[in-house]
Amino acid sequence: MSHNLGYMEYNKGNTGYNSGENYPSMDQYNYGQGNMGNMGNMGQQYQPPQQQQQPPQQQQQHNSGFGFPSPTLYNMNAQQQQQQQQQHQQQQHHNQQTSPMYGNNGGFNQFNNNDNSHYSPPQQGDMSRQFISQISDNPLTQAGLTYGLNYGQTLFSGGKQYVDSNFGKYFSFSTLKSYFNVNNSYVFNKIKLLIFPYTQKTWKRRIGRTSDVDSYLPPRDDINAPDLYIPLMAFITYFLLYGFQMGMEKKFSPDYLGACITKGIVFWAIELLIFKCGFFFSNSNSIPFYDMISYSGYKYVLMVIFQIATILLGSYVSYIIKCVLSVSIAFFMLKTLRLVFSSVSGAHDHISPDYHESGKIKNYFVFGFSVAQALLCFLV
Amino acid sequence: MNNNNSFNFIDSQYSTPQGAYYDNTGRMGGGGGMGGPTDSFDNELPLLEELGINFDHIRSKTLSVLNPLKKIDSHIMDDTDLGGPILFGLLLGFSLLMSGKIQFGYIYGLGLIGCVSMYIVLNLMSEKGIDIYRVISVLGYCLLPMIFLSFTSLIININGMVGYILIGFAIVWSTYSASKMFVKVLSMIDQRILVAYPVGLLYTGFALITAF
């Protein structure tokens, strides 16, 4: 700490020399001011300033060009004593008591008084105040502290922006809210459509115009719109009914039911992953992720009906019901996804060869997905 | 000097219950110094009011759960206290403990997942939101029929036709009470069945833990 301060003071001394005039005695005077400021800061410690004076003395000799080192040392000591006499007489007495070397330099003090008479006392006072104020300012420390504080704030705000942008990209509450915009009649009619989809005439989603923007109507107003309420409730209902069935068979355990639900969630996630890969390989624009969740979750409605039949009627009749319901879900998916793909690739109608090629692949994908939905009813 | 202090102490001790009951603060009137402690005691709030436990509200909410057919006030759940739900949760755990099943962890876990899920679904379905403390309060108070079911299972065998009827009755009772409160708070008249269904799923989970 003190070593750094000494180095900074020496630098300031050099700066004064460079900006000042080219008088050797002026150079000595500036250096003397620096030393005096250092002694003022150190206070009662006398030994450390002596050690710090070694490197400046060498450079001083080099700059001033004096041939004799010993006269320079005596001159510096004499200047210090004169300045102390001018400003603090009591301090002089203290120095005389502590170190007898100053007594030996008494003759040189008298000899140098004539030379120092050329300088005016106000200049000495002003420069000493300037050096003291500069030393106490510590600009390097303040600059470092300010820079560190600004860097911390910049880092925090950058991280916050990153989190906000990424969270807004993957999860939108308003979009999710539109999938839960359902009412009693929609849910009832949708479940009826899932159970018996053969009499439905129109499968296309209705488009509503709001402020010159064409967008799909919410599930509340369109029977063909996908929602997330029915898949979510059907999924939970299926596993609760399965737990009830285990309870009737005296095999119920909360741990086992929790494991079954976790396994169901994992299978649903794998199915969604395959669904997304299917879109990728068929070279078509992807539908929203929530639509995928909705379409792949509708089969749980039929699984619930199968579970109720199993509890009430037994395994043989429920197996027949399961076959009938799997055909229903396949038909439903075939009709729905075909229109979903055609609406997504509507912009490519004018290019006939590409349309035919991608149309074939999409038809295969739609058929495969429908069959997979039917088979998954037997696996779960 | 000592005699005066003991007399003052006895006097303040004697007058405190009298002041609380009959509000005769200035009855003695002998010395000005005696009135200080008595006034400070009379100005104190009751302990239960300071703690925030209001047994009148807890009792009125419990009665509204027990009688779901009565018309309820829309401000019945304005003070969303959590004392009732915690009490009913612990009561359910103790009743299951008497039947030889230690299910405190499952009750806490299912309650936590159920309340958070209901909070998410209700905020997604309704235009006007609801805070999670109100959800916990409503679902916790409507757990009371499950406690009756659990105590009933101590008496009779729950795994039979009569038991299944009782399970269904308890689930319907809890679901009806809770969905009535939610619909009243959220103003979702045309979605009454849709609000009731996830509530029914939650209480079915509690019924599975209770009965089996």
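Each Cβ is built from the backbone N, Cα and C atoms, and glycine gets one as well.
What TrEMBL says about a protein is an automatic prediction, not a curated fact.
Residues A:256-281 are the range that TrEMBL records as transmembrane segment, among A:256-281, A:308-333. Annotated by TrEMBL as transmembrane segment, the relevant range among A:177-193, A:228-244 is A:228-244. Non-local neighbours of the transmembrane segment (A:228-244) in the same chain are 176, 179-180, 182, 187, 190-191, 219, 252, 257, 260-261, 264, 268, 290, 293-294, 296-298, 300-301, 303-304, 307-308, 311; each lies 6+ residues outside the stretch with a CB under 8 Å from one of its CB atoms.
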